Amino acid sequence: MSARFYGVISPFITPFREDLSLDREAVAWLARYQAEKGVHGIFPNSTTGEFVHLSREEAVEVTRLVLEAVGGKVWVIPGISANYTEDSVALGRTFKDLGVDGAVVTPPYFFKVSPERLKVHFSTILEKVDLPIIVYNIPATTGINIPVGLYLELAKEHSNLAGAKATVESFTYFRQLVQVVKAERKDFAVLTGLDDLLLPVLMMGGDGGIMALANAAPQIHREVYDAYRSGDLKRALEAWHKLLRLVRVYDYATSFPTSVKTLLKVMGAPVKPYARTPLTPETREVEEKIAQIARELGLKI
């Protein structure tokens with residue numbers, strides 16, 4: 001049985017106007033653009049989408065706009081992360097009613113709970129939300145590194161645990177997800193959250209990634225994915241090296257959201273570079289460095 005979710009998924013940025021209100025037209029445009037450029041799925045209300053800066057109503061509105069824009073062409077898998085378990089449940093049920101394809105959830109990110117309490121948190125959500133759910137490990141922001149053993153327990157006990165997104169730099173962690181959890185549940189998706197690990201994770205037996213730069217240039221990620229899946233390792237390596245050149249954007253920017261928004265701006269997209277405070281737009285100097293990368297790779301709308 002193949003994984004429920006796979007390939008190239010974008011953690012959707014949230015476009016804002018200069019007054020930091022939602023830019024609904026840009027949301028719809030960007031969702032259509034990503035679908036046309038080859039993403040398999042879109043993850044609104046994400047880390048890159050500044051979900052911690054959105055009200056519940058805004059999270060629902062962005063997800064609704066994305067659903068309408070893509071019209072069923074790609075998966076829509078919104079985030080339901082919250083510090084209170086029942087808030088995640090309520091948001092998941094709301095998204096279920098909207099017609100989404102799944103959901104993504106991180107650990108609580110304020111109180112650092114024990115593995116036992118973390119299992120209760122995820123189990124409650126998996127039991128109460130009737131959707132395929134990706135459990136997202138991002139210790140840099142949550143302060144919690146989800147043990148591989150916990151994924152295994154959840155995978156055995158909850159058939160709607162669809163997989164793991166892991167934003168970690170450890171090859172060992174991904175190897176264990178594949179060899180321990182995926183060996184138990186063949187339909188368990190192993191997804192990287194880091195653009196530059198896409199090919200290594202695929203080669204270890206993973207299924208793809210949910211990567212920030214897929215907001216702007218998912219065609220490069222697709223080139224890596226498609227070449228590897230077709231058995232053309234030479235072409236996959238060439239595409240991966242192109243992706244590694246694009247990843248330099250992160251070397252200059254101050255955050256994932258602003259790096260992507262700046263890249264889209266210099267590519268000519270109708271997406272403004274504004275982010276909600278304490279994040280702020282990148283400086284003109286950073287913008288020019290990112291523009292140079294885009295020019296080198298021939299990226300323009």
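A Cβ is built for glycine as well, from the same backbone N, Cα and C atoms used for every other residue.
Straight from Swiss-Prot, the features:
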type	residues	note
ACT_SITE	Thr47	active site, charge relay system
ACT_SITE	Tyr136	active site, proton donor
ACT_SITE	Lys165	active site, schiff-base intermediate with substrate
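Close to the residue listed as 'active site, charge relay system' in the fold, though at least 6 residues off in sequence, lie Pro11, Gly79, Thr106, Ile138, Thr141, Thr167, Phe256, each with a CB less than 8 Å from its CB.
The two recorded residues, the residue listed as 'active site, proton donor' and Lys165 (active site, schiff-base intermediate with substrate), have Cα atoms 5 Å apart. The 10 Å shell around the Cβ of Tyr136 (active site, proton donor) contains 25 further Cβ atoms across the protein chains shown. Listed in sequence order, the residues of the same chain lying 6 or more apart from the residue listed as 'active site, schiff-base intermediate with substrate' and placing their CB within less than 8 Å of its CB are Val104, Ile134, Val135, Tyr136, Asn137, Ile138, Leu191, Thr192, Gly193, Gly209, Ile210.
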